[in-house]
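The block underneath contains the structure these notes are about, expressed in structure tokens.
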Amino acid sequence: MEEISLEELCGTYSNLNETSVANFKLYGQGITVSIVGLFGLIGNTLAILTIASMRNVTLFYKLLVALAIFDVLFILTGGLFIVQTAFKFEFPWYNLLFPSIIYPVAGISMTGSTYSCLAIAAERYLGICHPNRNPCYRKFRFYVIGIFLACLAIDLPRFFEVQSIMEDGEAVGVEYSPLRTNGTFILAYVMWYRLLTTIALPFALMLFFNIKVFSYYKQNNLQSHSSQEKTLLTIFCCINSTFFICHLPRVVLNIYEFFLHQRSHYCQSTFDVPFVPPPWMFIMTSIEKVLLIINASANFIYYCFSGREFRNRFCRIVCCDFTNLFRRCRYVDSPGVVGGGTFHTVVMAYTPNDRRESSIDSQTVFMDVAGFKSDFEMTTLA
């Protein structure tokens, strides 16, 4: 049997082209995330304001607002972490806020974004495949409570994983806490628990809901449905497709790391040397983070497909035309008689420049650091 050398088994930094990796991080990760993240912050904020000003804000749109809020939080915290690893800036305030705010909120916001996408998929599934089911259970507050509990159950330990390095009362760096370096914690929580709750479970459920929705439309002619239903289907498909594409590298890397965890543990315990991932993983890790920011920044673009009202209000916010933005329509109660019974017709009266259609509903490892990837990422933070 051919003997495997220590370098082949555990890897070595000498195999890496450090200049290429550094340049890719600087331009491909730091600058790209800064530009895309700024675009996403502005877009998601405008989308939240637009939906808040709309009439008939249905459950679907409320879930879009929840998704946009989590995306904003992820761009602010996760994006800041990504940019810091690229530009390697060091500020006391960053080192002080990283363990208690930046690191845990980045994980919580990514989990919230993932489960918000899952909630949107579940709502579309219930609204399309089970429209007659008791609507009392399809309330926005129930979805929000479920998302909040999922974030709490999955990411609460992140508040205790990292700590600041203090010298003379000033935060000069960050490091893993004793909890995060515990082998049992790494295996049970970082490897198994997070793999199941942030990847396996949400991806399996979203795949199930998507298959059911598309099966329904395949069996029932899509052309027979209303234009609003087609619009919601377009948004649903775009959000889900972007989520799957942008999160795929994260899934692949985490599964790959899961199988390499035993080798990492063997190198550390037997030879007392850290396991160095293959060179391609350094590049793929940067690509993974960029795609997560793109996913958080691109969703608001799809909202523009949701109808003329959204586009009109979105343009007014961009043009700072707040005078007519929150104008309410006047309701004229017009009685009439049909078949001997009285009915009331509600007429929406607009000014000539305010005529539009109403939107009526017919019914996203960031920070998934695990095992050895955590080790080489955190070396840039200490």
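Keep in mind that glycine also has a Cβ here, set from the backbone N, Cα and C atoms.
In TrEMBL this protein carries:
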TRANSMEM  26-52  transmembrane segment
DOMAIN    43-303  domain 'G-protein coupled receptors family 1 profile'
TRANSMEM  59-81  transmembrane segment
TRANSMEM  101-121  transmembrane segment
TRANSMEM  142-160  transmembrane segment
TRANSMEM  186-211  transmembrane segment
TRANSMEM  232-253  transmembrane segment
TRANSMEM  280-305  transmembrane segment
Inset, instruction - Count, for each of 26-52, 101-121, 142-160, the Cβ pairs lying under 8 Å from the transmembrane segment (186-211), and report the range with the highest count. - result: 101-121
Inset, instruction - Mind checking which residues of the chain, 6+ beyond the ends of the transmembrane segment (26-52), have their Cβ under 8 Å from one of its Cβ atoms? - result: 61-62, 64-65, 68-69, 71-72, 75-76, 79, 82-83, 85-87, 286-287, 289-290, 293-294, 296-301, 303, 310, 313-314, 317-318
Legend entry - Chain residues in Cβ proximity to the transmembrane segment (101-121) (below 8 Å; excluding those fewer than six residues from its ends, i.e. six or more beyond): 60, 63-64, 66-67, 70-71, 73-74, 77-78, 80-81, 94, 143, 146-147, 150-151, 154-155, 158-159, 161-162, 198, 202, 205-206, 209-210, 213, 236, 239-240, 243, 247, 292, 295-296, 364, 366-368
Legend entry - Remote residues contacting the transmembrane segment (142-160) - C-beta distance under 8 A, at least 6 residues beyond either end: 59, 63, 66, 99-100, 103-104, 107-108, 111-112, 115-116, 119, 123, 177, 179-180, 185, 189, 193-194, 197-198, 367
Legend entry - Non-local residues, at least 6 beyond the ends, that sit with Cβ under 8 Å of the transmembrane segment (280-305): 16, 21, 24-25, 28-29, 32-33, 36-37, 39-41, 43-44, 46-47, 50-51, 64, 67-68, 71-72, 74-75, 78-79, 82, 110, 113, 231, 234-235, 238-239, 242-243, 245-247, 249-250, 253, 256, 311, 314, 364-366, 373, 376-377
